[in-house]
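Feature annotations, reproduced from TrEMBL:
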- 57-205: domain 'Flavodoxin-like' (DOMAIN)
- 63-68, 118-121, 153-162, ASP188: FMN binding site (BINDING)
- 267-514: domain 'FAD-binding FR-type' (DOMAIN)
- ARG286, THR542, SER604, ARG605, LYS610, VAL611, TYR612, VAL613, GLN614, ASP646: NADP(+) binding site (BINDING)
- ARG442, TYR443, TYR444, SER445, THR460, ALA461, VAL462, GLY477, VAL478, ALA479, THR480, TRP684: FAD binding site (BINDING)
Amino acid sequence: MALDTLDLGVLVAIVLAIGIYFTKGSLWGKSDGEDVSVPRGSSRDLVEVLSTNNKKALVLFASQTGTAEDYSHKFAKEFQSRFSIPTMCGDLADYDYENLNEIFTSVDGFQLVVFFTATYGEGEPPDNAVEFFDYLDNECEDLSNLKFACFGLGNSTYEFYNAMGKKTVSTLTEKGATLVGELGLGDDGRGTMDEDYMAWKDGLFDILKDELSLEEHELVYEAQIKIEESVLTIDSPEVSLGEPDAKYINPSQEEAQSLTEGPFDHTHPYLAPITISRELFNSDSRHCIHAEFDISGSNLRYTTGDHLAIWPSNSNEHVFKFLDILGLHEKKDVVIDIKSLDPTVHPHIISPSTYEAVVRHYLEISGPVSRQFVGSVAQFAPTEQAKAHASKLGKDKDLFYEEVTSKYLNIADLLHVLSDGVKWTSIPFAFIIESVAHLQPRYYSISSSSLSDKQSIHVTAVVEQEKYPNVDHIVTGVATNLLLNIQLAQNKVSDVRPVLTYDLEGPRQKFTPFKLPVHVRRSTFKLPSNPATPIICIGPGTGVAPFRGFIRERVAKAASDVSVGKTLLFFGCRKSNEDFLYKDEFVDYSKKLGEKFELVTAFSRETAEKVYVQHKMLERAKEINELLNEGAFFYVCGDAARMARDVQNVLIKIMMSERKVTESIATDMVKNLRVLNRYQEDVW
Ligand code: FMN
């Protein structure tokens, strides 16, 4: 199951989620920046870095999967440009915070700190911000000099909506800091993140003009990086053709060792062979892929319930359409050097590289376009008509929704429509790199058990291919269609024509045969430490993925004579003969676990009335209550928007009817289960 939204290039908060706070600092290593006064990583002292680089404003991001990071870069660039205030953008994990309060007194002319804060888990900070919030809670005493603004990134379908943005504001103000403007709340759940950001940013800029007496200028693109075409060729050994990181290009002995030894993380993935892949659906139009990544011979480790990050590349169709509309098709193999013009700006791209490699491996080209992008690309339009149309779309929220968002246009589609196919040859490639979001890894709940499948990691991914009414193309996800292509090629399936095709060989054929870069993200979604504890699992669709891992773990335990508690699994899909994932396997698990395993199924399209897992839960109210009384853990995995919330409401209902308590007491009981970690969610 995928946890990534960007995958679909669309929708929802996390029709799957994804991958990562993605500070691929190491990827920058190969390019020579210009006169870097305080190179990245050399100082964690904010006052020193800001002073040395003559910066007067600071944007910091708390980001897990890169969205807050992308917005913070965008903001820093626009703020600098609009107000002529040199602005630095930084990762919260890269600095110490002891002198946060002194910035305003020690850095001459310093104006403002802006936080971009995403929320994870049950209202928790992204990994890169854990230390920062620890510092605020436990060490920080005084922030009375600090003037700050904050934009929170969250999803209103989660119980702890934007909890970390809210916490940033409440904690900083408690310590005496002054909030400028209001906390911005970006909501992935309603799909309005971009508009929420624009509204907050415009409001903040108005306030800043008044409160800080800042003078606003017309927004003109100022490059922070420089692109130079190189004398090197695509065959030069030092050129990156999209290798997952610099160590993969031309590894020294030590680097070669790290390719199997790790450590593996968001800066350095393991290139894992997919040894087995298969189709799980029985359907002409829908696909779900089971893929097994071999981790033997590597130090990549996982525990049951973790997530696998898959680093995708873009499809041939998207890459060529994108290069074509920029007029770069003929030059796709030309080698370019990417250099920073600002020592604090670090493009996450290994260079030298080629135009094609950059587009294929680093840019999020198949996802939705932001209104800000359209407004700013207008200045490079090839015709007056395209320019006027792009500027209008950039300014008109409703028109933009009607003509772009609701039609699921990506950047290349939109440029094509705006200019009627005339190539946009005047867009500087530096602008493209600086303005297009970075391609992020996609996260999948691991569907294997680290006990029974020590040498392999399994994922279960439904292929994102949506046909919406009034949209003339199929909206596709990046990573899941790549997995489909691998499955078709690996099993030599010739009667399925994929919507997208990919370069499966990868840079310098390094991905042959069937390898993909991956790393593991630890999760808190875990089995009880005592295997005898009963568990209730609600996992419709690909939400069943982690529960397959849980069950395999219990089967392995039972096989070595450990007593295991009951596993009651609720699974739902459309039809028993179409999308019933792992149908045969469950029969096998039943044989092995006997009465300790029970599968309850809900098939939504087999009866006149739709039946979902929630309905089946109600039918089993008595048993659910009894298991909870025996100390059962309750798990939910799948769609956050509707299912997870409905499941919680149904559980409250069950508590009310079975325990004869009021709604408010039942609600508290469920809350209490969460506090005790006996109610866990892995939702997107
Ligand atoms: N948003 C919330 O408001 N509250 C949450 O508790 C929450 N938990 C999440 C858990 C997971 C596994 C994922 C994938 C997202 C969650 N979100 C939650 C939504 C993210 O905060 C939101 O998608 C944000 O844009 C991600 O920013 P990032 O890409 O910078 O990490």
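Using the three backbone atoms N, Cα and C, a Cβ is placed for every residue, glycine included.
In TrEMBL, annotation is done automatically, which means it is predicted and not curated.
Keep in mind that this is a model prediction, so the values were computed, not measured.
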Rounded inter-Cα distance in Å - TYR161 (FMN binding site), VAL462 (FAD binding site): 27
For the domain 'Flavodoxin-like' (57-205), the number of residues DSSP places in helix, strand and coil: 61 helix, 35 strand, 53 coil
Listed binding-site residues adjacent to ligand 1, that is, members of ALA118, ASN155, TYR161, TYR444, VAL462 whose C-beta is under 6 A away: ALA118, ASN155, TYR161
Maximal Cα-Cα distance (Å) across residues annotated as binding FAD, namely ARG442, TYR443, TYR444, SER445, THR460, ALA461, VAL462, GLY477, VAL478, ALA479, THR480, TRP684: 17
Cα-to-Cα gap, ARG286 (NADP(+) binding site) vs GLY66 (FMN binding site), nearest whole Å: 29
Span of ARG286, THR542, SER604, ARG605, LYS610, VAL611, TYR612, VAL613, GLN614, ASP646 around NADP(+) - largest C-alpha separation, Å: 26
Binding-site residues compared (TYR158, TYR161, TYR444, TYR612) - highest count of Cβ atoms within 10 Å: TYR444
Collapsed DSSP category at VAL478 (FAD binding site): helix
GLN614 (NADP(+) binding site): secondary structure state under DSSP, collapsed to three categories: helix
Spatially closest candidate among GLY121, ASN155, TYR158, SER604, the listed binding-site residues, to VAL478 (FAD binding site) (Cα to Cα): ASN155
Chain-internal residues near GLN614 (NADP(+) binding site), provided their CB is under 8 angstroms and they sit 6+ positions away: MET643, ASP646, VAL647, VAL650
Spatially closest candidate among SER63, ALA118, ASN155, the listed binding-site residues, to VAL462 (FAD binding site) (Cα to Cα): ASN155
Secondary structure of THR460 (FAD binding site) (DSSP, helix/strand/coil): strand
ARG442 (FAD binding site) and GLY66 (FMN binding site), distance between Cα atoms, whole Å: 11
Model confidence over the domain 'Flavodoxin-like' (57-205) (mean pLDDT, whole number): 95
Residues near ALA118 (FMN binding site) in space but at least six apart in sequence (CB under 8 A): ALA62, SER63, GLN64, THR65, THR67, ALA68, PRO126, GLY152, LEU153, GLY154, MET164
Alpha-carbon distance [GLY121 (FMN binding site); ARG442 (FAD binding site)] in Å: 17
